[in-house]
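*Asks:* Below are the features I grabbed from TrEMBL:
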COMPBIAS  A:27-51  compositional bias 'Low complexity'
DOMAIN    A:143-235  domain 'Toc75-like POTRA'
DOMAIN    A:244-355  domain 'Toc75-like second POTRA'
DOMAIN    A:356-437  domain 'Toc75-like POTRA'
DOMAIN    A:476-808  domain 'Bacterial surface antigen (D15)'
REGION    A:1-59  region 'Disordered'
REGION    A:582-608  region 'Disordered'
């Protein structure tokens, strides 16, 4: 038996030319019979083209090129919504034979109760037609309010259609076009202008779509010269079903319809139907199972049970439900293409899910021409979720993930991820990734002149000597995302030794090989920095303590292993020279202290281990971070644990051997379940935080743990509470969302655990600090800034702070 | 400053003079003192170093002068004493007495850490046999400051120094406030002070119970004298022999003198503590912290709620 299908075509196969009325009786007997052998089958090739290469199954929008993914979701959604469904009821069995008899030589498919066709939603076409025909129209030239058969209309006139009504013969009711689920199959629109041929074409389409057993179109003249169109129909129905099955028919070879010889004997026909049926069975068996979950299956079954008879509307509903699930899950290319096995106990829903047949990675030059890329392909491939590889069903979320992952490589200025139909493999999808690479090398020079208050307070240039930054970057070396980055900053280029800040970084990802899923990155860097030591800070009521600057310069090499986007393990070696200086940049081996008499004595706590003001040391450094925090409507929720260790190796001044460790544990506890989604309110969050720091062995003052400050105990200055060998900080914060932001209250405590005296020279005591302290306060988040009022519990006074960033 | 103190020490150690001042004492006192010195020699003690400490203006220097019998340390009633410790050494019949007078430890309501520091440096490589903690009898109250002073002394020389400690109460010749007998006043005052010392020295109840002797002293020239011209306390005891007697008792109470060495001054080097344990700490950190966090990360990865599309592969869901 022939299979007919009409994909992408307004016109059906030649068969459709047989009159509608002729088809009606053929359907009738088939449906009244209880034969289990009806097949409803999709075929994407029309009989007329069966001798040629089978045409690919086309998505309605497949004529348009797919857009880049970031803008693709709409077109994809559209394509899915507008997807064509092709029904093909290939007749079967005995009754089919009868039908065939009745049908005479009208064509094999027809004879078997037939084939039918398609639900098609042709907005696009309609629009096109409208635009081309919206000029002028002819009056019908007939008396008003008479019913005119389609074939009575004049072939030379352009009729304006004022309204379109559906008349359901079974229900004996009229509905407006927009209210019935069938409206999507009608391409003519109220207000449009159509010729008789167009209206006939429309009827043709409706008749062959398979939704109707019988369909007629008639006009009713209006006084103003327009006509109203009534489409009267009898909906197709089939025997009730109690089973539902969904199969993925994408990429399956199309069953080649065998032309049925009209001169076949009954026996031959039966033989033929049987083989058809067998073929279909085999097809179902061969088809891959669908992704559709059991829950949707059950839902559909429920629908089938409630309905009794399977009707065309019913099938539409099932199709909508199934496609909705696919769409909701992001399977944007999935389409229900056919319902098979109708008139048996089982409804078989055939879906083309959108299997990926190929993944193409392309590089483009600045003009968008395809070119050879510098980046090695495995670097990109390893960023792609496996769901985007060949053999998986295309999912738009996987595409977005790929886009994000590739973007995080920071190698490309433009990234497109496009799915497009595979023309060689029906129902297949080719995923195309188009990339524009960034310039590999870049260099930059920025200069600045410092302005300082001069004589009479007038602003003057500090000097004519310029300061600024010189930086260069060499990215993506060897196409493996290795990079070298260097920068030099000085406030005076003519005298750079004063305050030169330099940095040189080398990053080497994929240490274990680009094909190895283990993600380890090697980093080496030279650095220097200058910081004010919070160890040499006075307690409350202590006048200005002469500051100590800690300069560090050295090299560092480490390996970072990323477990997840946030959790990672870093280990490496650091070699550095630490120099402590006083305000006037002189090397200072001890801190200064203010004597009660007001004088300054230089015999404060020692600043370095060596006692000379310059320490050199090498040590191993490790850091493991576990972070599973995520955002729930903008509020951070989850757990974060960080353990950091500096292990002295006995290499350096005074052979420093130490174990300096810190563990910080933070919990963001969501206090209320909330619905997630854009614009929804974030939940209130309770933050619990603990931080322990300790050191065994040699501890120079610059490595002592300090208490107090915005990231330690809020409400105090940096180091105002003390500098100790072991510290414990505890904090809790309650965040309550208000409008677009949140307010919070917090309580914090920091304690030196009595270990201040174990820092050489006891800087905590020398600078009259408490060694412990608590604070509490409230605050509000204003964009990036936190405004908070914190009360220092040691003195009982409160003050207002503005801070950038988060405390935790 | 430290430098200057050092020179002072070397100078002072060269200047051991004959203890001539002893002859200034009344003969009864002399006899008693020589007798006590003889007893000390019997105990094989030929050198005695006495450290005198206390708040400012309580009569430390006067006590030193009274004890030596000479005006060796300048005393000024209104001015704070010199900011440096002074050691006075006298020898008599093969016996050497070193008395170290120190500046007051309190300045501006706080213990002057720097003064403590200087005293410590001054005492480097000396052995303290006896500590005289000096305060006034005629002060009525003890406060937190007293405790801090005691604590500063304890922190500097260790708890052990109180085994060799004597509480000296000056200005012993007073008329107690109304309604209190002299003895009652004395016992209350000494009780309160001893309590503070014990607290400041972090002494537990049981250790050295009652072993902190309290001695009364009256340095004033108007001090009452007995028939043998000895300075006596209101209760009739001659105080100088009494003080020396108490010192002798403390010296021979079985405890050891405190050798002030570098370690004592700087305290145990906290950088050396526990160094030997570092390999074990490291192993512990690796196996019980790093490994545990790694496990938790693995757990997180397993538990991570993945979107539907990441879970579904073609084989997972099947239809009937």
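Cβ coordinates come from backbone N, Cα and C, glycine included.
Burial and contacts for the listed features, if you can.
*Replies:* With DSSP classes pooled into helix, strand and coil, the tally for the domain 'Toc75-like second POTRA' (A:244-355) is 52 helix, 23 strand, 37 coil.
Along the domain 'Toc75-like POTRA' (A:356-437), the predicted structure has mean pLDDT 90.
Remote same-chain partners of the region 'Disordered' (A:582-608), defined as residues 6 or more beyond its termini with a Cβ less than 8 Å from a stretch Cβ, comprise 533, 535-536, 542-550, 614-615, 653, 700-702, 759-763, 766-767.
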*Asks:* In the domain 'Toc75-like POTRA' (A:143-235), how many residues does DSSP call helix, how many strand, and how many coil?
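*Replies:* Here the numbers are 24 helix, 40 strand, 29 coil.
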*Asks:* As a quick check of your reading of DSSP, tell me how many residues in the domain 'Toc75-like POTRA' (A:356-437) are helical, how many are strand and how many are coil.
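*Replies:* Looking at the domain 'Toc75-like POTRA' (A:356-437) with DSSP, the answer is 21 helix, 32 strand, 29 coil.
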*Asks:* By DSSP, what is the split of the region 'Disordered' (A:582-608) into helix, strand and coil residues?
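*Replies:* Tallying H, G and I as helix, E and B as strand, the rest coil: 0 helix, 7 strand, 20 coil.
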